[in-house]
Each structure stands twice: as structure tokens, then as C-alpha cells.
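Feature annotations, courtesy of Swiss-Prot:
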BINDING   10-34  NAD(+) binding site
BINDING   143  substrate binding site
ACT_SITE  156  active site, proton acceptor
């Protein structure tokens, strides 16, 4: 039996991409899974696909009341919360400083930081009491942009660096009761969108990148699928497998940190 059997897991942005892969994986692990999802169509799809195995709540990650509403339903259903996974986010499609008009830069900043940083802060505030009671954990999705330049423009990169600082501070404030960690995936096949302020709300990441371009920059030389990144979340959520990690950022970058100067990888001809 999985360590996560009957554990209560709350995931944001569970309707597509990495969020959907996490929903699938934690249900496979036997957990009681809930998600807060902005899209009504995706909420309906989740309910149709997973039935009683999912509690799908329509809501906005920048709204504290929506977290409270979802938590009320989670606690009524499960009586507890063991792990919160802050996953919903938006990307800036590499919008650069020089090529972004000043007024758009300002409105784009507020929209992107509201989702990627304030959303995480509000979720932590809402979930902390239940997680303190269960001595559970929080996990937040980062990005390779939390470590390296070029994984987004200045807005996205700054937001992921801010999220890293938030994780460390929350880990400090909530210890010893709650473990707080992050997972930073590299580019993958997903429906990740951009800010409306930048005119990117209907543009997904795969409209800006191709599988070939993503695979080419990775030393492991493959095009990642969302399911490829679920393992670290399962490990961090497990009390048995993770008693000792808090304030840790797992860099799941398919080898970006070991790219060579002359070649992406030295073993391409092996």
C-alpha cells in the first residue's frame, strides 16, 4: 500500500499540464485529491473523468475566499489536509525588458506576480492551520527560471525567484510542524498560458516552443511530459520518504545545470 493511501492532497491548477499529471499520480497513489481550478470546462472534465476520486472546485488562486471555500469542502470530505501543492501559474513567453512597452511591463508585472507569488502566499495562509494540525507539508511548483536566466522574461524569472524566497521563509516560520519545499521542472508539454496584460492569455507554452527546441537544450535529450515530474512531489508529500527535507528546492531540470561549454552533453555518441 502506498504511503499516501487516504492522505488528503490539495492541488491548484489541476485541470491540465503538470497539475493534471499530479492529480492522476496522487489518485493512483490512493490519496484523496482535491483541486482548485479556474476553468469551469476543466472542472467539469475532471469530475467526468475521475468521478468520486476528485473534489474539483472552480476558483481563482488570487482569491483568498476561494481557498477557504475549497478547504471547507476538503475538510468536510476528508476531515484533514495532509499536503498542499501550489501549482497554478502563468508564464511570460520570454517577453523581454527591451521589447515590452513600459505600461505593459507594469500591468504584466502585477498580473503575473498576483498569480505566481501572491497566489502562493494566500494559499499558504489559508492552508497553514490545517497543515499545522496534521503536521503535513506544502509543495510549490517553481521552474528552471528559479535558477537560470532565459527560462522566461524578467517578469516570470523574477516571480520564480520570489517564490524561492517565499518557500524558505515559510519553511522557517512553519517549522517544526509543516515541511515546505519546491520542485522546479524544466519546459514540458503543457497548457501553460501568459498574462492577459501581455496579450498572452490564449497562447500556450507549446505555441512559443517546440518539442524539438526543448529537447535540444536538455543534456538528457528528451521532450518531457508532465508525468515525468510527479515523482519528486510524491516523495516530498510522503511522511516516510521525507521527514528531513524542508526549505529545499528540487531542480528537476533534465540536466540543465550540467550543460557543457562545448557540447550540451559529452555522451551524445555513446
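Glycine too: its Cβ is placed from the backbone N, Cα and C atoms.
Here the features listed in Swiss-Prot are painted onto the structure.
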residue	record	DSSP (3 states)
10	NAD(+) binding site	strand
18	NAD(+) binding site	helix
26	NAD(+) binding site	helix
34	NAD(+) binding site	strand
143	substrate binding site	coil
156	active site, proton acceptor	helix
Distance from residue 26 (NAD(+) binding site) back to residue 143 (substrate binding site), taken between C-alpha atoms, in Å:
21
Since the record lists 18, 22, 34 as binding-site residues, which of them has the fewest other Cβ atoms within 10 Å of its Cβ?
34
Please report the distance from the Cα of residue 18 (NAD(+) binding site) to the Cα of residue 156 (active site, proton acceptor), rounded to the nearest angstrom.
17
Express the distance between the Cα positions of residue 26 (NAD(+) binding site) and the residue listed as 'active site, proton acceptor' as a whole number of Å.
28
Rounded inter-Cα distance in Å - residue 30 (NAD(+) binding site), residue 156 (active site, proton acceptor):
34
Sort out the sequence-distant neighbours of residue 10 (NAD(+) binding site) for me: same chain, 6+ apart, CB within less than 8 Å of its CB, listed by position.
34, 35, 36, 70, 71, 74, 81, 83, 84, 85, 127
